[in-house]
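K.L.:
My questions will all concern the structure given below.
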Amino acid sequence: MELRLNGRARLLAGLGIAVAAGLHAHAAQARDCLLDTNNDGVATASTDTDGAAESANQPDRLACGPYTSAGASGAVAVGVSSNAGGAYSLAAGYLAAAYQRDGIAVGNQAQANARQAVAVGAFAVVNGSGTSTETDAGVAMGYGAYAEEGGVALGRDSDSRGGTAVGRFAFAAETTASALGTRSTAGTESVAVGDKAAASFRGVAIGSSAEASVAGSTAIGSFGAYGSTQKTLASGINSTAIGAGSIAEKENAVALGAKSLADAPNTVSVGSATLKRRIVNLANGVDAADAATVGQMNSAISTAVAGIEPAAPNPHLAVKSTLADAGATGAESLAIGGNAQAGASNSVALGSGSTANLANSVSVGSATLKRRIVNLANGVDAGDAATVGQVNSAIQTAVAALEPAAPNPHVAINSTLANAGAAGTESLAIGGNAQAGASNSVALGSGSTANRANSVSVGNSGAQRQIVNVAAGTLGTDAVNLGQMNSAIASAMEALPPSGGGAGSPYLAVSSSGAQPLATGEDAIALGSLANASAMSGVAIGKGSEASGGTGALALGPSAQAVGIGAAALGAESVANGSSALALGSASIATGEYAAAIGRGALAQGKGSAAAGYRSAATGTYSNAAGFEAQASGSMSGAIGAQSLASGDRSVAVGSRAAASSIYASAIGYRATASGDRSTANGFIATATALGATAVGGEALAGHAYATALGYGARTTASNQLVLGGTGSSVKIGDVASSTAAQSGQIYAVTVDENGTFGRGSALAGAQQLASLGVSVQAIAAVSEEQFNQLQGQVDQLFDIAALDRKEMRQGIATTAALANPHFPSEAGRTSYASNVALFRGEMGVSAGLMHRIASDTPFALTAGASYGGGSNTAVRAGIAGEF
């Protein structure tokens with residue numbers, strides 16, 4: 001299809017109107033491209049058309065391609081159905097659209113919906129903030145790249161909500177976020193650098209798959225050894241993990257070094273339980289909380305020991321011994337005597353060789369060394385020591401009270417062994433030499449020994465007995481018989497995985513060599529290495545899963561996190577943080593009360609928000625997003641459809657790639673766009689860009705305040721205007737006769753200006769104008785066809801010359817703009833290079849430049865370059881550069 005500026009066609013059309021209406025028409029100055037619509041190889045005004053391109057008859061605009069529209073001063077639209085609706089905007093490509101001032105949209109269906117926005121690449125989109133499209137410039141470059149609120153998104157499917165996202169599928173969730181790397185993700189005030197790096201609120205993650213998953217955390221490092229799946233992870237609030245595969249999982253914890261683990265709050269770890277490291281080159285500590293060196297510690301110990309030695313012997317304490325020194329290692333303990341040892345808390349060891357290894361005890365000997373305590377007074381209080389005489393008297397009194405007047409016929413004991421003994425408090429011993437030595441213990445049978453408190457013994461360590469005829473237990477504290485136990489074991493084995501070919505259920509299997517799970521909440525369940533269920537009735541299933549923060553939290557999947565009452569996270573690395581929050585799908589995130597995120601990478605951020613679909617995002621309060629990469633960031637907004645966008649407060653976008661980017665805006669239909677406050681766009685690529693504007697119908701455009709475009713291809717040209725239909729359409733009133741019959745009073749004629757605006761005029765004035773029209777027609781008829789043809793040829797030449805001059809001027813500017821300036825080489829003998837491409841008013845320039853650094857005492861380099869912009873527009877330059 002051949003393109004040519006359609007000035008000549010506009011001139012002929014203007015002359016035709018003048019002949020028909022008797023008006024002094026001027027040649028239109030619009031710049032619409034003439035298309036070779038009949039494919040004869042020549043663009044001819046009499047047979048070819050501009051493909052319904054529209055530049056509103058203005059000389060400072062260019063519309064080139066079928067159904068293109070340049071709707072404002074300095075606008076350029078090139079392609080099929082492209083729309084440059086903002087002043088000085090550029091839209092190039094199929095369905096490309098630049099709706100705001102100075103916007104640039106280049107690529108298949110690219111959209112620049114904010115002032116000074118740049119969208120380059122198929123399906124690239126730039127939107128303004130939720131309340132304005134006129135102040136937020138942004139940049140989106142790459143297939144499917146998306147940026148809003150002045151953000152920068154570079155890379156395929158990169159996504160910036162005001163921050164910086166660089167890399168394929170990179171995501172910056174807020175204006176203060178920075179994500180650099182493939183699939184990197186950065187939250188509010190956070191930085192993520194590296195492939196799959198992820199940083200939460202005010203976090204920093206640097207390295208492949210490094211993850212700072214909670215507020216204030218920092219993770220720096222990649223995976224561990226080659227083939228390792230352990231990523232660097234900081235999962236505690238304000239924690240820091242530095243080193244490949246290091247983990248800081250508690251609040252304020254610091255893990256330094258590869259594979260280091262900091263699993264306690266407020267600690268610094270330089271290794272793990274299996275990996276120890278020395279800290280070397282450490283300066284002596286100064287303050288009380290500083291770390292001390294070994295030398296500093298040894299010096300302090302020596303000083304302390306020297307201070308303990310008395311200057312002179314104590315005349316009231318005498319110890320004579322050749323044994324080793326006494327030792328008091330228990331807290332608050334005391335040891336007096338050669339080699340006396342008080343090793344238990346609050347213990348006392350008195351005498352040479354005495355050992356006190358029970359807490360709160362006094363020892364005057366050891367297991368092999370016994371001493372009597374003599375000259376002891378009778379005890380008075382219950383806690384006092386008793387003398388032998390005092391004990392014998394008490395025993396005699398107790399025995400006398402126990403002897404019955406006659407033998408009990410229901411108790412029979414036949415034994416020649418020693419008497420039974422019940423030395424424990426409230427204990428009972430029945431049988432020859434039965435001994436109940438522990439508190440509340442029972443010894444039944446000859447030779448039985450009960451030496452554990454609250455126990456019943458029917459034998460001893462060398463003589464066991466069976467208890468027979470035992471009924472099955474019914475309560476939790478009842479004894480069970482063998483049959484009951486075997487039945488319970490069999491039931492348990494059915495639920496266990498098979499091992500070594502043995503019995504077990506084939507439907508349950510657990511395989512892990514990692515750390516054990518931890519279930520600390522009441523009625524909690526944790527299954528999988530490092531799984532942690534600390535919430536009451538919480539459930540954590542999967543390696544590294546966590547259920548905490550509230551009753552009934554559920555985390556299912558590797559690294560899934562559920563925090564809050566009734567929160568549920570299902571899927572690998574899913575996060576549900578908030579009361580009744582739901583995250584369903586790998587890497588899905590739901591933060592806020594009642595938030596719900598469903599689908600891989602779905603994000604619901606805000607109270608009552610809901611997102612459903614791959615990488616869908618509902619980040620406004622009570623917002624809803626449904627569909628592949630659907631985005632609802634405005635408060636109470638709704639986006640339904642693949643890559644739909646509702647960024648204005650209370651806005652609605654329904655349809656694939658529909659966009660409602662201002663408050664109360666509504667966009668319904670494929671690629672429908674409502675970017676003006678309170679605007680409405682309904683239909684295929686319908687666009688409403690101004691305050692209160694309404695566009696209804698395929699490719700309808702309402703770009704003026706409170707204007708309405710109704711019908712396929714309808715386009716408004718002024719505020720408060722109603723436009724019915726687009727180019728080539730007709731308007732029909734259903735019943736003209738009935739309308740005529742309803743008229744009364746003076747009759748007026750309907751008038752239409754050159755822009756298609758309706759008005760009314762007096763029917764009498766119209767008749768007078770027709771009468772005078774005859775004179776004008778006669779004057780025009782006097783001009784011969786040859787004169788018309790000569791005039792036409794002269795006009796054609798003027799347009800061709802002007803077009804050629806304009807083209808060469810633009811090529812020259814593009815050539816100059818593209819000139820490349822290489823950077824100064826880093827070393828002598830090295831050569832740097834640079835190449836640029838520039839686009840100016842439809843003309844493109846390309847360039848290449850070299851700079852070679854000469855070896856000398858004073859650094860300098862030789863430069864050379866060339867730039868070409870088409871035709872004879874070639875620029876060559878050479879020079880010298882240096883520094884001093």
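Cβ coordinates are placed from backbone N, Cα and C, and glycine is handled just like the others.
Pulled the feature table from TrEMBL, pasting it below:
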- 102-124: domain 'Trimeric autotransporter adhesin YadA-like head' (DOMAIN)
- 203-222: domain 'Trimeric autotransporter adhesin YadA-like head' (DOMAIN)
- 234-260: domain 'Trimeric autotransporter adhesin YadA-like head' (DOMAIN)
- 278-309: domain 'Trimeric autotransporter adhesin YadA-like stalk' (DOMAIN)
- 328-354: domain 'Trimeric autotransporter adhesin YadA-like head' (DOMAIN)
- 372-402: domain 'Trimeric autotransporter adhesin YadA-like stalk' (DOMAIN)
- 519-545: domain 'Trimeric autotransporter adhesin YadA-like head' (DOMAIN)
- 550-574: domain 'Trimeric autotransporter adhesin YadA-like head' (DOMAIN)
- 576-602: domain 'Trimeric autotransporter adhesin YadA-like head' (DOMAIN)
- 632-658: domain 'Trimeric autotransporter adhesin YadA-like head' (DOMAIN)
- 660-683: domain 'Trimeric autotransporter adhesin YadA-like head' (DOMAIN)
- 688-714: domain 'Trimeric autotransporter adhesin YadA-like head' (DOMAIN)
- 1-30: signal peptide (SIGNAL)
K.L.:
So, by DSSP, how many helix, strand and coil residues make up the domain 'Trimeric autotransporter adhesin YadA-like head' (519-545)?
P.N.:
0 helix, 9 strand, 18 coil
K.L.:
With the domain 'Trimeric autotransporter adhesin YadA-like head' (660-683) as the reference, find which of 102-124, 328-354, 519-545 contributes the most Cβ pairs under 8 Å.
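P.N.:
Against the domain 'Trimeric autotransporter adhesin YadA-like head' (660-683), the leading stretch is 102-124.
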K.L.:
Please give the sequence-distant neighbours of the domain 'Trimeric autotransporter adhesin YadA-like head' (102-124): residues at least 6 beyond its ends with Cβ less than 8 Å from one of its Cβ atoms.
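P.N.:
Residues packing against the domain 'Trimeric autotransporter adhesin YadA-like head' (102-124) from afar: 82, 86-96, 133-148, 150, 156, 643, 657, 659, 661, 671, 673, 675.
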K.L.:
Summarise the domain 'Trimeric autotransporter adhesin YadA-like head' (632-658) by DSSP state, stating how many residues are helix, strand and coil.
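P.N.:
Across the domain 'Trimeric autotransporter adhesin YadA-like head' (632-658), DSSP assigns the residues as follows: 0 helix, 9 strand, 18 coil.
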